[in-house]
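A short worksheet on the structure shown next.
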There are 2 protein chains.
Amino acid sequence: MSSPSTFIDALQERSREWIRVLSQPNPAYKPQTTVRAYTYDTVDVRGDNDLDWRSSSRSAEDKTPAWLLRLQRRSAITRTIIFVLSSEWSFLTVLGFLSAALFLTTEIAVDNILGGRLWILSALPNLSFLRLIVWTLYSLFFSIIARFCVEYISPFAAGSGIPEMKSILSGLKLKGYLSFDNLIAKIVGNVVAYCSDLSIGREGPYIMICGILANVLLKLDIFYRIRSDNSSKFQMLSAACAGGIATVFGSPVGGVLFSIEVTSTYYLIQNLTKSFLCAFCAAFFTSYIGNHGLLTPFVTHFDSKTFSNGKILSFIMLGVVCGVLGAFFVVAQDYVSKMRKKYFWLSKDRYKQVCIISIISSIFTYASFMPLHEGQFYTIRSMFSDTKLTEWERPSVYFNLIYFIIFKFFLTVVSIGLPVPCGLFVPVFVMGSAIGRLWGEVLSDLFPDMLITPGGFAVVGAAAMSAGTTRALSTCVIIFELTGQLVYMFPVLISVIVATAVGNLLSPSVYDKILESKGLPFLPPLGHRALRKSGRDVMNNSIHCVSRETTYKDLSLLLKRSSFQYFPVIDHPGNMLLIGEIDRSYLRKILDDRERDYLSQSGNRQRLVDVMNHYDKGLPASPDMGSDVTGSPMEEFFSTRALIELQRPHFDPSPFQLVDKTPLTKIHFMFSMLGITHVWCTHKAKLAGLITRKEFMKKCWELNEQRNATED
Amino acid sequence: MSSPSTFIDALQERSREWIRVLSQPNPAYKPQTTVRAYTYDTVDVRGDNDLDWRSSSRSAEDKTPAWLLRLQRRSAITRTIIFVLSSEWSFLTVLGFLSAALFLTTEIAVDNILGGRLWILSALPNLSFLRLIVWTLYSLFFSIIARFCVEYISPFAAGSGIPEMKSILSGLKLKGYLSFDNLIAKIVGNVVAYCSDLSIGREGPYIMICGILANVLLKLDIFYRIRSDNSSKFQMLSAACAGGIATVFGSPVGGVLFSIEVTSTYYLIQNLTKSFLCAFCAAFFTSYIGNHGLLTPFVTHFDSKTFSNGKILSFIMLGVVCGVLGAFFVVAQDYVSKMRKKYFWLSKDRYKQVCIISIISSIFTYASFMPLHEGQFYTIRSMFSDTKLTEWERPSVYFNLIYFIIFKFFLTVVSIGLPVPCGLFVPVFVMGSAIGRLWGEVLSDLFPDMLITPGGFAVVGAAAMSAGTTRALSTCVIIFELTGQLVYMFPVLISVIVATAVGNLLSPSVYDKILESKGLPFLPPLGHRALRKSGRDVMNNSIHCVSRETTYKDLSLLLKRSSFQYFPVIDHPGNMLLIGEIDRSYLRKILDDRERDYLSQSGNRQRLVDVMNHYDKGLPASPDMGSDVTGSPMEEFFSTRALIELQRPHFDPSPFQLVDKTPLTKIHFMFSMLGITHVWCTHKAKLAGLITRKEFMKKCWELNEQRNATED
């Protein structure tokens with residue numbers, strides 16, 4: 001059966017082309033001179049509108065799977081069990097459990113890989129140079145595997161994952177990002193990249209991993225109820241982000257808040273319970289399976305005390321320093337990523353980059369005076385300790401800390417843009433703890449009377465630096481949960497707030513900057529240049545309408561010229577009165593039906609083949625051929641009015657619409673609040689244009705860039 | 001000059017009436033048979049639309065005050081200083097400081113009042129009966145003052161304040177609630193009510209107090225920049241709520257989260273920094289001025305430990321119990337408030353209610369076996385202690401705890417509906433700690449092997465009960481900050497989540513229930529009954545339009561018939577094409593101008609006086625008089641087309657509009673997300689109706705009630 005069906009397919013494909021060649025514009029169709037493409041650089045557009053998620057009215061109507069239906073019919077008890085199992089709560093519990101289990105598994109993998117290296121080193125003769133080479137090669141090997149995962153399993157696994165989740169949660173479908181391939185690439189890639197001594201963290205990729213886990217889990221039959229409700233689906237994704245952070249840090253409350261801050265613009269409070277549940281389950285199971293009581297990796301035991309004015313001032317200064325450094329970090333990593341794009345030799349061979357940076361990192365890690373080879377967590381613990389930094393005293397604590405901060409800064413800036421799965425929170429956190437410790441050591445040497453605990457300053461510095469980079473205030477909650485103490489609540493809060501404020505004055509957050517430089521679709525805040533603009537300035541006025549007058553021939557041309565998912569339905573080409581919008585897929589279907597009808601009539605297929613042969617021979621459309629075709633039954637067959645049914649679900653009689661004079665601020669507000677993908681513009685009730693979310697985003701970026709250009 | 005002006009006023013007023021009597025409907029005006037009032041029970045409607053706040057385009061354009069302008073002109077430095085001082089950050093710092101200072105002042109007042117009672121008692125002869133009477137009279141006295149504050153200073157001071165803030169932050173202006181009078185009434189009323197032994201708390205009123213403080217502070221000239229931006233104004237109000245909680249509990253992070261959860265439906269993440277700053281400043285200054293280091297009123301010192309399966313199960317059970325009791329509390333207090341409305345003798349004399357309950361509370365507090373007279377905080381500390389409850393052992397700990405829980409429940413339910421400023425968080429928290437303690441004591445007696453710390457169960461119970469009543473998950477953060485410990489993180493989280501979930505299954509949150517029973521405007525979630533409804537079912541189709549054809553006579557009638565703030569402008573009465581909306585105040589103005597013109601012409605005033613005298617004599621409109629008037633120059637003068645200028649700011653060419661077939665879910669979504677006050681409905685581009693936020697809210701409640709009625 002396959003060959004005839006492909007033949008028919010081919011025929012249909014060609015018949016369509018053929019019809020298009022013959023088609024003439026007609027008043028109902030109104031093609032305009034400018035036919036713009038709706039694509040946006042790197043992202044697939046077609047599927048975009050699946051995610052008009054907040055208006056659940058048109059969500060895909062998922063049927064109850066057959067086996068579930070059969071089970072449900074058995075008894076009230078099975079029905080109840082299925083109801084409970086298929087609920088959001090059960091989904092989140094399972095998700096939390098899986099996230100915890102997966103994380104613990106990867107932990108074991110990391111331990112084994114790093115343990116393996118130590119074992120090899122211990123087996124080697126006691127030659128530092130040889131050991132350094134083996135150490136470096138070991139790291140190099142794993143960094144190459146990490147790059148390999150990204151190149152051969154899924155290209156979407158590169159980078160942090162947080163900007164991508166922000167984009168996805170803002171209502172856009174990024175194809176491939178939530179696929180199973182990406183899950184594998186992220187998991188394996190992140191483990192090996194983490195083991196390769198690159199200055200990277202695990203929280204960013206793990207947020208993404210949890211997001212994908214949720215997406216994969218949703219494909220199970222049992223969760224059909226969640227799957228069929230787009231809004232619920234998005235809530236699950238958002239909760240998964242919280243679960244991801246909670247797993248990695250063991251901080252359920254901080255995880256929820258951090259995920260909200262870095263992925264949302266507006267947050268639906270109702271969803272908080274779900275995020276909390278997921279985060280709690282993730283952290284709880286991590287603790288329960290891993291057999292630790294509380295997940296406080298960096299437990300501190302500082303005394304509770306009041307803080308003198310001098311100390312408060314020094315905490316504020318630390319906040320300012322961290323804010324400035326955080327902003328500098330954001331700008332520096334953006335500069336590096338621009339350099340990567342600009343210089344061909346950097347952008348072409350990405351293995352080379354990974355290898356070079358891995359080698360430098362390994363040497364730095366191994367051949368330092370400090371015990372950096374014990375890992376980042378060990379460093380954090382040293383910084384947070386309330387004893388002297390004995391391991392860092394050779395040649396001097398100051399020298400070592402400064403050396404560490406500078407090198408860490410440089411390595412992190414170049415590492416987080418590498419095409420491997422890598423987060424940036426932990427390296428920044430380590431850097432911050434070193435900065436805080438340095439500040440504390442300096443102060444305690446300068447003012448021995450102040451009774452300063454440098455470890456406490458390290459805690460404050462870690463929180464402030466993380467906040468200065470990510471602009472997430474929840475870092476303070478995370479640090480409380482990481483250290484298990486609240487005595488530094490006020491210093492942490494004040495420096496976090498100061499660092500965030502100072503950072504915000506100087507640059508956007510690191511995630512927003514990556515989002516921007518990656519060209520991911522995201523609605524930026526409106527600059528003042530946009531204040532005087534209105535919908536008319538941004539709308540696309542080359543729209544293709546459907547009306548009662550539309551023929552099958554028009555439909556065919558319509559589908560070819562515009563790639564947009566919805567078409568406006570107008571009352572009559574004369575009055576251009578918008579009466580609703582219709583799905584692309586439905587129009588495609590009725591056109592296909594019509595073509596099948598035509599081909600099923602005897603003789604028609606032969607006739608079409610003849611015409612096609614004529615064209616295939618490269619002959620120009622001879623006038624007699626043309627006239628023959630134009631007046632043919634085929635022409636007539638496709639020139640009749642299309643039988644378009646204006647009914648739900650493929651027809652929406654109430655799409656969002658605006659007057660074309662609506663100010664841009666109002667449109668921006670609607671897009672960001674309602675999460676809609678497009679809005680129709682009318683002028684005196686006549687359909688005048690279309691504003692899609694993507695074009696609008698592009699326009700916003702353009703306007704912001706113009707502003708920067710004129711200001712510079 | 002005053003008497004002629006009043007004469008003209010009187011003339012104008014009468015001339016308007018007179019014109020209305022003569023007016024005939026004309027096609028441009030289209031009055032309909034049903035003229036509905038736009039008022040909503042208790043709330044003033046006119047000013048409502050000031051708060052179309054999120055669309056800042058039409059916000060009141062506040063001018064820079066003159067003295068500031070003069071100062072700004074002096075030098076760049078003064079300009080910078082003024083810029084910094086007038087910023088949101090400075091505002092929030094000042095607000096935090098004021099909140100802290102005010103709170104500490106009221107604390108001193110409370111301490112003095114309660115200390116005074118002890119002093120009086122100590123001076124009395126040692127007769128328990130006499131002491132009880134003095135104790136009760138003392139409480140009674142202050143409860144009467146509290147009632148007095150509400151009755152004579154501001155009636156809006158009654159109740160918690162959280163539901164009111166929720167309503168205000170949802171975009172409605174509740175007149176009088178944010179006034180200075182109410183500030184005084186709330187502050188004084190709450191202090192004296194708290195001292196009167198009623199089972200109430202301070203956090204609810206304090207949220208409101210901070211909100212009013214913010215509103216009053218905004219009236220200072222220096223903050224003109226914030227005042228002139230409605231959106232910024234609302235962010236400040238929202239931050240003030242966080243500050244209020246942070247002050248009372250000393251929990252900055254918990255305060256922010258709690259305020260978000262109980263007052264918002266959707267939260268703008270961008271605002272988080274501001275809320276954090278305000279909450280931090282409030283908590284910090286409270287600590288700093290009050291000279292305590294950390295604000296952990298109920299500091300605990302439990303050991304860090306792992307929790308066995310049995311314990312985890314018992315925490316879950318505690319969560320279930322607290323969830324059920326929380327829901328029961330919500331239902332009970334609603335029942336009590338309904339009873340109050342129903343029985344006249346209860347609703348009429350509200351002093352009597354306050355007195356009776358105050359007397360019962362006092363007796364309960366004084367004449368118990370337990371040291372309840374030490375105050376609620378003392379009770380919480382006893383519950384949280386890791387030692388035995390020695391003070392509660394007469395006659396038995398079980399008996400005392402059960403007796404306390406039952407009485408506290410009853411007293412809190414009847415107290416929080418009293419017309420005095422009263423919060424409910426602390427009493428519920430106390431009740432929860434007792435429930436948890438009871439549960440812990442029972443378990444430790446039943447399973448001595450489990451090594452149970454009843455104090456830990458009290459902490460968990462307090463958090464769970466608060467969450468079960470308020471449905472705020474942030475109670476877990478508040479409890480961490482209150483106890484200064486994180487070792488009970490998992491138990492607290494699990495029981496809070498369980499209690500919230502169980503509570504949500506059984507009833508809405510206590511704040512939502514109060515909101516509902518008070519009839520405050522608030523957009524409820526849509527029930528399934530509304531799913532099949534569309535805009536057509538809820539819109540008001542008796543709309544009064546303005547067009548180019550509209551005469552002054554029409555305008556006069558228009559303004560009389562409709563009290564709504566905006567009028568639709570249509571292209572032509574024939575096509576009913578909506579081209580914008582126009583401000584009521586502008587129409588009023590041009591009509592007044594026209595009338596002034598008429599009266600300024602010689603002879604017209606005398607003519608009007610004649611006509612009025614004719615009417616004043618009670619004579620019917622004689623035909624010749626009528627014909628005289630109708631054909632008079634006056635009639636002509638007012639029958640000309642009004643000169644309406646369609647320009648900003650009084651004219652908006654792009655009001656929000658919808659197709660009348662738009663499903664109710666979508667409209668609900670728009671109202672809750674965009675915070676708009678009204679939306680115009682069109683049918684095939686013809687203006688068909690108007691949906692105001694208030695009428696929509698009412699309809700939603702009606703639909704929900706219908707659902708409940710049919711389900712019952």
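Each position is counted from 1, following the chain as shown.
Note that Cβ sites are derived from N, Cα and C of the backbone, with glycine treated the same way.
Feature list (source: TrEMBL):
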type	residues	note
TRANSMEM	A:80-104	transmembrane segment
TRANSMEM	A:206-224	transmembrane segment
TRANSMEM	A:236-260	transmembrane segment
TRANSMEM	A:272-291	transmembrane segment
TRANSMEM	A:312-331	transmembrane segment
TRANSMEM	A:351-372	transmembrane segment
TRANSMEM	A:397-418	transmembrane segment
TRANSMEM	A:424-443	transmembrane segment
TRANSMEM	A:455-480	transmembrane segment
TRANSMEM	A:486-506	transmembrane segment
DOMAIN	A:539-598	domain 'CBS'
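Residues 62-65, 67-68, 82, 85-86, 91, 94-95, 98-99, 102-103, 160-162, 164-165, 168, 177-180, 182-183, 186-187, 190, 233, 236-237, 239-241, 243-245, 247-248, 259, 282, 421, 423 of the same chain lie 6+ residues outside the transmembrane segment (A:206-224) yet bring a C-beta within less than 8 angstroms of a C-beta in it. Within the same chain, the transmembrane segment (A:312-331) packs against the transmembrane segment (A:455-480): three or more Cβ pairs sit under 8 Å, each pair at least 6 residues apart. Contact count against the transmembrane segment (A:455-480) (Cβ pairs under 8 Å) is highest for A:236-260, out of A:80-104, A:236-260, A:272-291, A:351-372.
If you count C-beta pairs under 8 angstroms between the transmembrane segment (A:80-104) and each of A:236-260, A:351-372, A:397-418, the highest count goes to A:236-260. Helix first, then strand, then coil: DSSP counts for the domain 'CBS' (A:539-598) stand at 25 helix, 15 strand, 20 coil. Within its own chain, the transmembrane segment (A:236-260) has Cβ neighbours under 8 Å at 88, 91-92, 95-96, 99-100, 103, 165, 168-169, 202-203, 206-211, 213-215, 218, 226, 267, 271-272, 274-284, 286-287, 294-297, 470, 472-475, 477-482, counting only residues six or more beyond its boundaries.
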